[in-house]
Every structure is written in C-alpha cells, then in structure tokens.
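Feature list (source: TrEMBL):
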{"type": "BINDING", "residues": "A:His2", "note": "Ni(2+) binding site"}
{"type": "BINDING", "residues": "A:Cys73, A:Cys76, A:Cys89, A:Cys92", "note": "Zn(2+) binding site"}
Amino acid sequence: MHELSLCRSLIELLQEQAEQHRFTRVKQLWLEVGPLAAVVPEAMQFAFEAASRGSLAEGARLHLVELPGEAHCQACGFETSISQWYQACPRCGEYQLKVLSGDELQIRELEVE
Amino acid sequence: MCGICGCGQPHGHQGLDESAHAEEQESGHQRRLQVELDLFSQNNRYAQANRELFQRRNLLVLNLVSSPGSGKTALLTRTLQHQLDKVPLAVIEGDQQTSHDADRIRETGAEAVQLNTGRLCHLDAHMVGHAMEQLPHLENGLLYIENVGNLVCPAGFDLGEAAKVVVLSVTEGDDKPLKYPDMFHAARLMVLNKVDLLPYVNFDVEACIEYARRINPEIEVITLSAQTGEGMENWLEWIEHRRQGQTAARVAQLERELLVLKSQL
C-alpha cells in the first residue's frame with residue numbers, strides 16, 4: 001500500500017521538475033530499484049498508473065531498472081552481492097553482512113516534452 | 001498556506017532545498033533529462049526538518065514500531081508512569097482510526113496527539129511535523145511516536161527520530177525477524193514484550209535474537225513484560241542513557257555557540 005504514497009511523492013517531484021526545466025508532459029521515466037528497496041515492482045506499476053491519472057505523467061511508461069545489491073562481511077571482510085537482508089556470507093557462513101548498496105529507489109532519467 | 005505541501009496549515013519547512021540536478025539532451029521537442037529523484041526524498045526532507053527541530057528543543061524521539069497487538073501502548077503507559085514526574089514528555093499516536101490509544105495515554109496524565117492515517121499504512125515525516133505544532137512547549141525531554149501497527153511499511157519512512165524501537169511480543173512467533181526483515185534492519189533496539197507468557201507459548205528467545213542479528217548484527221535487545229513490570233528497569237535505563245547522551249551533546253553545542261557570542265562582545 002505504501003507504493004501508492006511513494007508514487008504520489010513521485011508525481012509531486014515530477015511537477016517540481018516540470019517547473020524547473022519547463023516541460024509539460026512526461027512520456028517515459030526510468031526508476032532504479034535496488035533489491036532491498038522494500039517495494040514490489042508490479043505494485044509500483046499499478047500505483048504509478050493510479051497516481052499519475054490526470055497529472056503531467058498520465059500514460060507515461062515507467063521502466064524499472066533493477067540494480068544489484070552489495071554487502072561487506074564484517075566477520076571475514078569478503079565483498080559479495082546480495083538480494084535480501086538475511087543472507088549468510090558465502091565465504092565464511094556468518095550472518096554479519098553489512099549492506100553497502102541495494103536500497104536505492106530513484107528516478108534517473110526522464111523523457112519529457 | 002504551506003507552500004511546499006499545500007496543506008493549508010502554517011508550519012515551518014526550513015532547509016528544504018531542491019537538490020536534484022538535471023542534464024538535458026534534446027531531440028525535436030522531446031527531451032531526455034538525467035535526474036536524481038529519490039522517491040523517499042520528500043519524506044526525508046520533512047524528516048530532516050523534524051530532526052533539526054528535535055535537536056533545537058533537545059528532545060529524544062523514539063519511533064515505536066510493531067505489528068498490531070504487540071503491546072506498544074501498554075509499554076508506553078507503563079513507561080510514562082515511571083517518567084512523568086521526572087522529565088517533560090509527550091506521545092504522538094498513529095492509528096488508522098479512533099483515538100483509543102491517545103485516550104489511554106492521556107489517562108496517565110501525559111500529553112498525547114492522535115494522528116489518524118485513514119487508508120495510509122504508516123506515519124510519514126510530514127504528519128509528524130504537523131503533530132509537533134500541537135506540542136509547542138515540549139522541550140528538554142522525551143517524545144514517543146507510536147507508529148501504526150504494521151511490521152512492513154513504517155520501516156521505510158524516517159520521521160526524524162533518534163531511533164526506531166521494534167516491539168515484538170512472544171505470542172507472535174520467534175521467526176518474525178526473518179519474515180519482516182526490513183523493520184528489524186531499520187530498528188536500533190528490539191523489545192521482546194510479554195515475557196511473562198513464555199511458559200505458555202512456543203517461543204525460543206535465543207533463536208529470535210539470533211534471527212534478528214542475522215538481519216541486523218548491531219541490534220540491541222531488551223526482554224520485558226509491560227504487564228508485570230519484569231525487565232522494565234533495563235528499558236528505562238536504555239532510554240535514560242540516550243537522553244543523557246543527547247543532552248550532553250546539546251550542552252556542548254550551546255557552549256560552543258556561547259563562546260562565539262562572547263567573543264563578539
């Protein structure tokens with residue numbers, strides 16, 4: 001359900017951008033999503049459709065760009081990729097992974113007119 | 001009217017700078033813009049404004065999160081009974097509907113602000129900023145925010161608090177940290193509540209703590225029963241330790257400001 005409030009924030013951010021960069025329509029947008037971002041891609045698409053209705057982004061194509069997650073093991077120092085919070089270190093087996101990246105949720109590119 | 005949120009209520013939005021930078025590529029009348037628009041950034045801007053307000057007023061703010069029925073309100077009422085005559089405090093209560101929880105808090109004599117989120121599944125920093133307008137005199141003390149009972153969504157929304165405290169009761173199952181990892185990752189402290197019921201339920205305290213530390217190796221743990229009072233002293237000490245730390249930091253900051261002012265005389 002919080003995908004909807006995130007998409008409402010997104011529409012407001014787009015309106016700010018539209019004033020700053022003088023555009024009136026958003027045609028496509030690319031959203032980077034880390035595996036730990038606590039959003040469900042399908043729910044984001046659905047919420048975006050609902051939140052964009054009647055706005056400058058109505059009918060725009062939302063592309064989800066999935067990013068890798070990375071973590072550092074505090075026990076053995078190994079660096080590894082992760083897809084969820086509770087993974088054991090693949091080298092030493094300890095649950096001591098400190099997440100370095102993977103919780104991103106940001107728009108990186110817009111196609112506007 | 002509030003110019004940023006358009007919410008029709010007067011309130012401060014200091015320090016809310018627009019930080020997105022864009023690069024443009026043009027072709028025809030359609031253009032590509034490279035931007036950095038974090039979807040949590042709006043909430044985070046409000047959260048930062050709240051955090052600055054809390055620092056200025058020297059308030060230790062704890063955001064209590066849990067599933068419904070873990071005993072957050074019972075823990076709070078018991079906590080307030082110990083602290084009310086010692087330190088200024090207040091509670092912001094978040095629920096979808098009703099003012100039952102705020103009423104329970106007010107019965108202790110503490111000030112409470114009820115926020116009803118309606119269809120929303122979490123409190124956000126903007127709502128908390130408005131709730132603070134109803135607590136204009138609260139300073140040098142404690143503010144508890146009791147979030148909507150939900151182990152998922154409140155994890156992602158910073159309210160400007162010093163720490164999230166996740167309350168888990170032993171009637172809920174010891175594998176909750178694995179099932180709802182985001183919340184246990186976001187929390188500084190896990191309070192295991194209702195330990196007086198341990199003889200009657202199948203709950204492995206050690207396994208639960210081990211699961212929580214798989215998600216968050218640094219999470220602190222306190223076991224207690226808000227009902228019987230067992231273990232409450234550890235929780236009260238944890239809060240007091242943090243409050244002292246925050247006050248010491250505030251004193252140091254004011255002393256630095258004082259030196260600057262004195263040097264200008």
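Just so it is clear, glycine is given a Cβ too, placed from its N, Cα and C backbone atoms.
Distribution of TrEMBL features across the structure.
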residue: A:His2; record: Ni(2+) binding site; contacts (Cβ under 8 Å, 6+ apart): A:Val39
residue: A:Cys73; record: Zn(2+) binding site; contacts (Cβ under 8 Å, 6+ apart): A:Glu79, A:Thr80, A:Cys89, A:Arg91, A:Cys92, A:Glu94, A:Gln96, A:Leu97, A:Lys98
residue: A:Cys76; record: Zn(2+) binding site; contacts (Cβ under 8 Å, 6+ apart): A:Cys89, A:Arg91, A:Cys92, A:Glu94
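Shown are the binding-site residues A:Cys89, A:Cys92; the one with the most C-beta atoms within 10 angstroms of its own C-beta is A:Cys89. Checking the binding-site residues A:His2, A:Cys73, A:Cys76, A:Cys92 against chain B with a Cβ-Cβ cut-off under 8 Å leaves A:His2, in sequence order. Within 8 Å of the centroid of the Cβ atoms of A:Cys73, A:Cys76, A:Cys89, A:Cys92, where the record puts Zn(2+), the same chain has further Cβ atoms from A:Gln74, A:Ala75, A:Gly77, A:Phe78, A:Pro90, A:Arg91, A:Gly93, A:Glu94, A:Gln96, A:Leu97.
For the recorded site, A:Cys76 (Zn(2+) binding site), the DSSP three-state label reads coil.
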